[in-house]
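Chemist: Here you go, one structure.
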Amino acid sequence: MKLPLLSLLVLLPLLGGALLWLLPARRARMVAAVTMFGVLLLATWLLVLYDPAGPRFQLLDRLPWLPDIGVHWLLAVDGLSVLFLPATGLLFLGALVASWNAVGEAQRLFYSLLLLLQTATLGIFCAIDLVLFFVFWEISLVPVYFLLARWGVVADAPKVAARYVLIMLAGGFPLLLAFVMLGGVAGSFDLTILLDRPADDGVQRIVLVLMLIGFALKVPLVPLHTWLPQFALAAPGSLTAVLIGLKVGVYGLVRFAIPLAPDAAQDWHWLLAGLGTLTLIYGAVGVLAHSNLRVGLAYASICHVGLAVLGLSTLSEQGVQGAVSLLLSFTVATGGAMLLLEFLRQRTGSTDIHALGGAARTMPMLASGVLICGLAGVGMPGTSSFPAEFLLILSILERYTGAGMAALFGLAIAAGAFLALYRKAFFGPVTRSAVAQAEDLRPREWVVLVVLIALIAGIGIYPAPWLDIVRPAAEAWAAAFLS
Amino acid sequence: MPAEIFWNQQAALPLLALLQLLPLLGAAVVFALGERSAAVLAGKLFALAELLLAGFAASRIDPLLAGFQLAERIDLLGYHVAVDGISILFLLVTALLTLLMTLYGMSRGMISPGRLFAVLLLAEAGLVGMLLTVNIAWFAFFSALELWAVVYLLRRWASSRAETQALARFVQYQGFGLALFVAGCFVLGWGYAEANGGRWSFDLFDLTGTLPAGKFQTAAFYLLFYGLAVRTPLFPLHGWLPNMAQHGLIAVAPALMVGVKVGIYGMARFVLPLTPDAVLDWQPYVVGFAMAGVFFTAALAFLQTNLRRLLAFAVVSHTSLLVIGLFSLHGAGIQGAMLLAANFGLAVTGMWFVVGFVFRRTGTTELGELSGLFERIPFLAIAFLTFGLAIVGMPGTPGFDAAHLVLEASIARFGALSTVATALGNVAAAGFLLWGFQKAFLSQEKSGSYDVDRTQPMEYLVCGIAVTALLAIGFFTEPWLVLTDAASQALAGSFVR
């Protein structure tokens, strides 16, 4: 009998979260660590089992859930999603390390919420039934709300949490509406069936707009981005790293919004391209305008997400391959940078450049870690983002020369602005006592740094195996637009 | 003429008669035991037995048949009871909530629990009677019985000095609503008597055979609909609820009045089949008012400074959603509304329980005076939020599939724009529930704030059962969809244009 490996992967964190309530509270952290390590191993094994040359969707798990209305427990991965599973496993382990001593009371609650968030995230990447996807999508709000409201690092964190949840709920309704419309026409919510039978033009247009609203809020695309900077400031570092590192919004565009409305997307590719360009430029300027490293990084991520969406709007194989690779590189680089900034915040109490200055003197390792992640975020050759950005820029320049030039310009601004922030925070004389007394990375934080650098450099120098996993799925994805 | 299957073809005993007699018997036994400790135990056991019996009745019916089942009839008294999937759903909710209320009553340490349980079981008898009968006059009678029980509860166990005013308002509103409903019954009965040579009947089966024509039907529709709208309560007839919620008995009375949505049930059971033409004529107005109600009450909820009043407005707001689902007159919409009614009832009662537990600790439910409870009673806080999320239709609760059905019907009947508006109303509800939650549970502890007790075992039990029931139904919705499907389709069938 074949083991339902994907279901196991998705439910494993949930089991761990339940298990830690049965053990004493002081064991909670250990249980969470073991569970997350198990998830990472299982996800890596799945990556080995996945055959890039095989059929489009693999490792299928299918159980009837609400057969009356055509809803199934349907999990599968393809080349576009399979790499996100180990990336999720890795980032959550990093988040666990970042929160190692920062939880305080109610440890069991914190770790079970973090594990619930991991289940929801893995579910988002594995579900290919629209309703099941939506279930995971919405459930992720519950742990985010609690983690932010209860463990937020600013006084008005509960307000920020409520605002985030309300905005996401408001974005959830257009999504649900779109899914109900698609499912109602086809009589099934199975993605593989829906891909074979595109809806008629009128439905496609409505559905595309609805899904665009829903996903753009999460991405976030300008002008729906207003929640992100506040969120990045208020949330505990582990949560920021997970939510900014894992770009589920863009994944939603790649997986559902564009393929399910192919003709409408082809007609309105300029809309996606325009939103992408706007987001890119806005994000780049945003980095210039802020003095807090976390907010700066959040804007830098907005900028890069704009690039990914611009790449998607070319509807080409290179575009989607580049976009997915960029998202993955992002998980490592931005997620990693957020974790390092959390280490910094725990030491100095702030990530604002006015409260720092000269931090590289007392924390050389932390400083070099942030720099390496930052360079990866900028797309420096030799880092993991370079092949992805190269593919993206290539496809964009071919399709929209003007937007491509604007993109290059925006990326240059973002890089310059981030380096300026970096210089002010880490170089110059030490003026604050908190910085002077801070100690450099501890061994368990060190491990995070080494893994980060290994991944950034390894993928950057030899990207072929990763790109080969994505390519066949990207070909199939782009083939729908050739006709 | 709807079809029915008599009880002796499906079960060895007249189950519906037993279901109605058991709580009455329980009330008598508990009353006779007075304030001995055995009375409390007996009350819980009767409530549990009723739940088990309701579960057994649910297992005897065949939900795939559209008609009424387990029917019993005594022509002389006009006694006629029968169930379909919808009434079974409501029956289970009623029995479960009553059991939870008996457990809750103990853990909050109310005075004279023996008497409380007797009245509670009497109220349950009234609710069960309303759900089982297919005679509209009997429905009115049981409604009066249940209202009397609630009035008695409010008089004796009210938790605030302003209760007299709240009680007067409650009696005025409910008396008026009941009078309208009785008048509506009278119009229907009279119409039947006119057509059948002076023989009166209030039986659903007889009345559907001779529907009143023209303006008589409109009159009957208005009287019945507004009678039930007061009971439900539907905007703008909700004036009694906030006062009662603030000053009356904290959880038990509101749970009896709005935990089981008999108003919505009555509309589905009697108003839709008995006045179909008038329903079609007035559908746009009813839905328009309901849509306005969603937003108006959401706005009012944001203005509240008391957690109990806030919950009252939450009830009015989501009741409007139920009416939208029901008056879509679409199979999926009706089914969604019924499931939502069960979901809302369970969830809002759970929220009221938590508020009661908080009140026991703090002596207040003013939002300005509560703070930082999350640190002391995290389980109750999480339970409260779970109930709130169920009301908002979070996946994993029954609200999700039900809201999904209502949205589907709403798109089909009213178009995308109205649907989006309704959905936004629901987001507004999420807004004020979260706001209330944060004020009460998460805000910074104020200086000199009370050192509240930790969660007690009985509180774990009460909230644990309610949360488990919600999550279990939420993740395994299939049987509940099957249970309500045929009955909802049958109800919608008469409105196919």
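Numbering starts at 1 and runs along the chain as it is shown here.
Each residue, glycine too, has its Cβ placed from N, Cα and C.
Okay, these came from TrEMBL:
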TRANSMEM  A:30-50  transmembrane segment
TRANSMEM  A:70-97  transmembrane segment
TRANSMEM  A:109-128  transmembrane segment
DOMAIN    A:127-410  domain 'NADH:quinone oxidoreductase/Mrp antiporter transmembrane'
TRANSMEM  A:134-153  transmembrane segment
TRANSMEM  A:206-224  transmembrane segment
TRANSMEM  A:231-258  transmembrane segment
TRANSMEM  A:270-289  transmembrane segment
TRANSMEM  A:296-316  transmembrane segment
TRANSMEM  A:322-341  transmembrane segment
TRANSMEM  A:362-380  transmembrane segment
TRANSMEM  A:400-422  transmembrane segment
TRANSMEM  A:446-464  transmembrane segment
Chemist: Under a Cβ pair cut-off of under 8 Å, which of the recorded stretches A:70-97, A:206-224, A:296-316, A:322-341 contacts the transmembrane segment (A:231-258) most often?
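Modeler: Stretch with maximum Cβ contacts: A:322-341.
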Chemist: Who are the chain neighbours of the transmembrane segment (A:322-341) in space, where the CB to CB distance is under 8 Å and they lie at least 6 residues beyond its ends?
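Modeler: Residues 80, 83-84, 87-88, 90-91, 94-95, 97-98, 237-238, 240-242, 244-247, 250-251, 254, 293-294, 297, 300-301, 304, 307-309, 311-312, 351, 366, 369-370, 373-374, 376-377, 383-385, 387-392, 394-395, 448-449, 452, 455-456, 459, 463, 466-467, 470, 474 contact the transmembrane segment (A:322-341) from elsewhere in the chain.
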Chemist: The transmembrane segment (A:134-153): which same-chain residues, six or more beyond its ends, come within Cβ distance under 8 Å?
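Modeler: Residues packing against the transmembrane segment (A:134-153) from afar: 102-104, 106, 109-110, 113-114, 116-117, 119-121, 123-124, 127, 160-162, 164-165, 168-169, 172, 175-176, 179, 231, 233-239, 243, 248, 252, 345.
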Chemist: Same-chain Cβ contacts of the transmembrane segment (A:400-422) under 8 Å, 6 or more residues past its ends?
Modeler: 273, 276-277, 280-281, 283-285, 287-288, 290-291, 293, 296-297, 299-300, 303-304, 306-307, 310, 314, 353, 370-371, 374, 377-379, 389, 393
Chemist: Six or more residues out from either end of the transmembrane segment (A:446-464), which same-chain residues have a Cβ under 8 Å from its Cβ atoms?
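Modeler: For the transmembrane segment (A:446-464), the list is 90, 94, 97-98, 325, 329, 332-333, 336, 339-340, 365-366, 369, 372-373, 376, 381-387.
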